[in-house]
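Notes follow once the structure below has been shown.
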Amino acid sequence: MLEADFVIIGSGSAGSAMAYRLSEDGKHSVIVIEFGGSDIGPLIQMPSALSIPLNMSLYDWGFASEPEPHLGGRVLATPRGKVIGGSSSINGMVYVRGHARDFDHWAEEGATGWGFADVLPYFKRMEDNDGGEDGWRGHGGPLHVQRGSRKNPLYGAFVEAGRQAGFELTDDYNGSKQEGFGPMEQTISGGRRWSAASAYLKPALKRKNVSLVKGFARRVIIENQRAIGVEIEAHKQIQVVKARREVIVAASSINSPKILMLSGIGPAEHLRENGIAVVADRPGVGRNLQDHMELYIQQESTKPITLNSVLNPFSKALIGAQWLFFKSGLGATNHFEAAAFVRSRAGVDYPDIQYHFIPAAVRYDGKAAAKSHGFQAHVGPMRSKSRGSVTLRSPDPKAKPVIRFNYMSHPDDWTEFRHCIRLTREIFGQSAFDAFRGQEISPGSHVQSDDDLDVFIRDHAESAYHPCGTCKMGRADDVTSVVDPECRVIGVDGLRVADSSIFPRVTNGNLNAPSIMTGEKASDHILGRTPLAPSNQEPWINPRWQVSDR
């Protein structure tokens, strides 16, 4: 029988970090259960190939939403990594911690000990920041963070246009000042994707006390209200991986609630409907699903300097060859090298809109490239009020769950997205883009009225692939909480959840960084260590926030 002190389900952002930290002192054995295969190969390791694994069943679980009623019945893909490193091996390699206020809101909502002062030391501990170490940034940690070269002049035009429009500039949105236009950070090292597997799991697996077990996690085995192991399917056989101390679920915001429900933890009525014996009635399991949505605002470029010139087989082959032999060139970046975090209106105290800018006009998944040279901004609101759910389709562990995001179900979502479109047009209309600006490709200059913008939003808004919140962390006496502030599943001993599913609220940006931080901090709770000393750093808040949006 396979057996270890700690059994972790999932080798993603949080799971890999926990495998590394729980085994670090050599006193405890760790087994990581992962259904996916190897991350070796250029399709994952070459940063510019980022859209390819998203569309491959080899690396992606292939989840999709139910038809979304507020998006004309569209079904939206929900990629989650089915590979060593989890979603950190198929994501966009964008590194965003989130705003300090995000974590303070977590604490206010019952996640005591997870305010910004508490989590900043863990962000610092995990970082190997190219820019060095200070009160805000870390250096020497497992996760390499860099900035792109920003050689293409369109990156500079985007940042300058933000300044011309009256917005702030920021040299480090992961430092004291998130608000503003500036460089974007990447989890890339030496021209390669630097996933959680590269940073944490592979170094951990070199230790004698860490093992990786390839298998499909069916459920957590619970006896007398205590988790004692995990039932897996491996080599077409059902096996048990026994946990001497604890089981930690880190299987993503989609799979983590599914595994809990299959184990008898969740809304009692829903479990009974599926013929599952109730171990712990936790109504919050699978609820509180959140995500970011975004639109692509695309503009023709009058100069042939965009990436559209290399979106052909011959150019891709040359780029691939240069990357393969030298780990350099256009293949060695994700091309997200300029960013912005801005506030939508006066009275909003910290940014609620995020921009990714790239010198190309093409969908994030690599499809539907524009016919001409172009550039685009990915833009979307960061704090949607819409909430969704993940439920069981059947008691069969192999059945994909029912995912209902309820995108755009709150009226404010529509107001915010209309503003995002109009604001992007204002930015692209600044003189910094005069030398490059052609016709608007998308939505198109004819799309102006609220009604027309709403049609465009309904037909074209996409997930930014940041699902979270389905095993919410909070007070033990809150019926909507699934785990307490030490990541312990309420009502079951020896069982924790630690990944993006425990976020009470979605953070202000991409989720890889806060997911890794969650694994880092959860490890100290699991080991019974005193948490790292809180920081006394104070974030920059725009002094004009009450009277101006910039």
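Quick reminder: no glycine exception, Cβ is built from N, Cα and C everywhere.
Copied over from Swiss-Prot:
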ACT_SITE  His466  active site, proton acceptor
BINDING   5-34  FAD binding site
REGION    529-550  region 'Disordered'
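Feature map: Swiss-Prot annotations on the structure.
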residue : record                       : CB count, 10 Å
Asp5    : FAD binding site             : 17
Ile9    : FAD binding site             : 28
Ser13   : FAD binding site             : 34
Ala17   : FAD binding site             : 33
Arg21   : FAD binding site             : 24
Asp25   : FAD binding site             : 9
Ser29   : FAD binding site             : 19
Ile33   : FAD binding site             : 26
His466  : active site, proton acceptor : 25
With Cβ-Cβ distances below 8 Å as the criterion, list the same-chain residues six or more beyond the ends of the region 'Disordered' (529-550) that contact it, or say none.
99-101, 113, 115-118, 120-122, 125, 135-136, 165-168, 176-179, 342-350, 521
Relative to the Cα of His466 (active site, proton acceptor), which of the binding-site residues Asp5, Ala17, Arg21, Ser29, Ile33 has the closest Cα?
Ala17
What counts of helix, strand and coil residues does DSSP assign across the region 'Disordered' (529-550)?
0 helix, 0 strand, 22 coil
